[in-house]
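Novice: Can you keep this structure in mind? I'll have questions shortly.
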């Protein structure tokens, strides 16, 4: 049965991985691509790194701790550790975004956004504002939605349907209710919280959004982390955006 809401939903905020595209895309495609390309990018730099370099990679990497900037080996070990431990480091996110940009632009990467998510964003953008909130950098978000795999296998740019983007540097960490309060203030809905709907696969993020006054649902896609019985009782859950009645 489609899920409806007591108050009209005027704004939708979407998570990315596990919500609009398979959670496996990041872990089995984007992360490995980054780690595959990283060694050659780091070995091309001159050490010790300088923040005033004309190289975008060197400029980003110069923000990492001084003790890991002494050689390509130490920097590779450090960044690889951040990736493998899924550390939400803003500098790492910037570096990943730059390398993914190269991959998207040369056609090696395309985002497998769910068909129902493409329909949802395309149709709802005509009458509502749609924002993205992800732990990935805003640049990475724009790249992903700018290179969505279309029905014919060619990349499609969906950014024209989106009203804005948030990441951990602009809104805060996604499991903290204050981050959603910041978004509400930024979009002018701090007094109309229930008119905003946040969709995510992560129950802690959904709980944080609810604490901030938003409507929020858990998206249960194939491959996502299994939901506990307690979660199933505590949260409203959808398996596809077609389950929503807005």
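Placement of Cβ uses the backbone N, Cα and C atoms for every residue, glycine included.
Sharing the features that Swiss-Prot gives for it:
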{"type": "BINDING", "residues": "15, 17, 201", "note": "Mg(2+) binding site"}
{"type": "BINDING", "residues": "134, 135, 174", "note": "substrate binding site"}
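Looking at the shown structure, what environment does each listed feature sit in?
Specialist: Residue 15 (Mg(2+) binding site) falls outside any helix or strand according to DSSP and counts as coil.
Classification of residue 135 (substrate binding site) by DSSP places it in coil, neither helical nor stranded. Every protein chain shown contributes to the tally, and the Cβ of residue 135 (substrate binding site) ends up with 22 other Cβ atoms within 10 Å.
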Novice: Provide the number of Cβ atoms within 10 Å of the Cβ of residue 134 (substrate binding site), excluding the reference atom itself.
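Specialist: Taking every protein chain into account, the count is 24.
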Novice: Just give me the nearest neighbour of residue 134 (substrate binding site) among the binding-site residues 15, 17, 201, Cα to Cα.
Specialist: 15
Novice: Given the recorded Mg(2+) site (15, 17, 201), which additional residues of the same chain have their Cβ within 8 Å of the Cβ centre, ordered by sequence?
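Specialist: After dropping the recorded site residues, what remains is 16, 18, 19, 20, 23, 134, 200, 202, 219, 224.
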Novice: As a test of the contact definition, list every same-chain residue at least 6 positions from residue 17 (Mg(2+) binding site) whose Cβ is closer than 8 Å to its Cβ.
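Specialist: The list for residue 17 (Mg(2+) binding site) reads 23, 25, 26, 134, 201, given in order along the sequence.
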Novice: Which residues does residue 15 (Mg(2+) binding site) neighbour through Cβ under 8 Å, counting only same-chain ones at least six apart?
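Specialist: Sequence-distant Cβ neighbours: 132, 133, 134, 174, 198, 199, 200, 201, 202, 205, 219.
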